[in-house]
Amino acid sequence: MKLIVVSGRSGSGKTVALRVLEDLGYYCVDNLPVSLLFQLVAELRGKYDQIAVSIDVRNLPATAEDLVSILDEIRQHQDLQFSSFFFDADNATLLKRYGESRRLHPLSRQQFTLAQAIRQETDLLSPLSSSADLRIDTSHISIHELSEQIRERVLGKKEHELVMVFESFGFKHGIAKDADFVFDARFLPNPHWIAELKPLTGLDEPVQRYLQSQPDVVKYINQLISLLETWLPQLERNNRSYVTVAIGCTGGQHRSVFIAEQLANHFLVLGKNVQRRHRTLEKLHAPG
């Protein structure tokens with residue numbers, strides 16, 4: 001099991017970090033008391049392989065020694081791949097961020113001014129800062145740059161992996177509303193009008209052979225591939241987690257299924273993270 005503890009001064013980027021880790025498949029828990037870390041790990045063991053926990057200044061043990069002891073014990077746990085990330089920014093940047101957000105600092109309720117609260121937080125979080133495996137100063141980087149740094153550390157590569165979802169649907173059942181791209185295949189030759197192909201789907205070999213023999217179908221698929229390959233790098237750089245490409249035909253049984261499969265197979269061969277979904281076929285085979 002992998003466990004990442006996210007900490008840092010308030011306003012430095014912990015929330016962004018936790019959101020990125022969630023996108024990367026981590027089960028995330030916000031503001032967990034340090035004393036409950038082992039209980040959480042025991043509860044989630046076998047259910048999740050990757051856990052991320054954020055800790056802020058309100059959830060620390062009573063003493064710095066207790067905090068160090070808990071962290072040391074976690075690091076020595078044989079069944080855990082433990083790492084800790086600490087986020088920080090200079091005092092001027094934190095003051096500016098709080099001024100813009102108009103949020104209260106977690107220590108403000110202790111009658112501290114904002115500047116005093118920021119300094120006090122520095123002292124309280126010192127054990128977490130000094131023992132962190134990764135420290136990121138967010139003073140002069142954007143949210144997107146911070147996200148990329150976290151992904152690079154977690155994945156071992158700079159760009160995060162975009163999930164490409166290819167789905168088919170039938171216009172007569174309603175357009176796919178969750179799609180980023182919608183392409184219409186209703187103008188292409190329709191296997192529905194061929195008696196022996198009508199009861200089949202785009203997943204069946206006779207339908208596939210028929211559509212592969214149609215020049216317009218092949219041309220359309222190649223043009224869609226060219227379009228997606230042209231803009232895919234930009235989508236990846238834009239910090240997208242998913243891009244959904246929907247292909248529609250009249251009923252969602254033949255042409256759209258075939259084209260969605262062809263696109264999915266093409267990008268799968270290129271090493272992309274691909275998912276496929278056939279809305280009409282799922283309805284036809286749904287229980288009840």
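FYI, residue positions are counted from 1 along the chain as it appears here.
Note: Cβ is positioned from N, Cα and C throughout, glycine not excepted.
The shown structure was predicted, so the numbers you read here are calculated from the model rather than taken from an experiment.
Over all protein chains present, the Cβ of GLY11 (ATP binding site) has 24 other Cβ atoms lying within 10 Å. A coil conformation is recorded for GLY11 (ATP binding site) in the three-state DSSP classification, outside any helix or strand. Marked as ATP binding site by Swiss-Prot on the basis of sequence analysis: GLY8, ARG9, SER10, GLY11, SER12, GLY13, LYS14, THR15.
The Cβ of ASP56 (GTP binding site) lies under 8 Å from the Cβ of SER7, SER10, LYS14, ASN31, PRO106, each of which sits 6+ residues away along the same chain. As annotated by Swiss-Prot, GTP binding site applies to ASP56, VAL57, ARG58, ASN59, with the evidence given as sequence analysis.
Taking only the Cα positions, the spacing between SER12 (ATP binding site) and VAL57 (GTP binding site) is 13 angstrom. Ranked by CA distance from GLY8 (ATP binding site), the binding-site residues VAL57, ARG58, ASN59 have VAL57 at the top as the closest.
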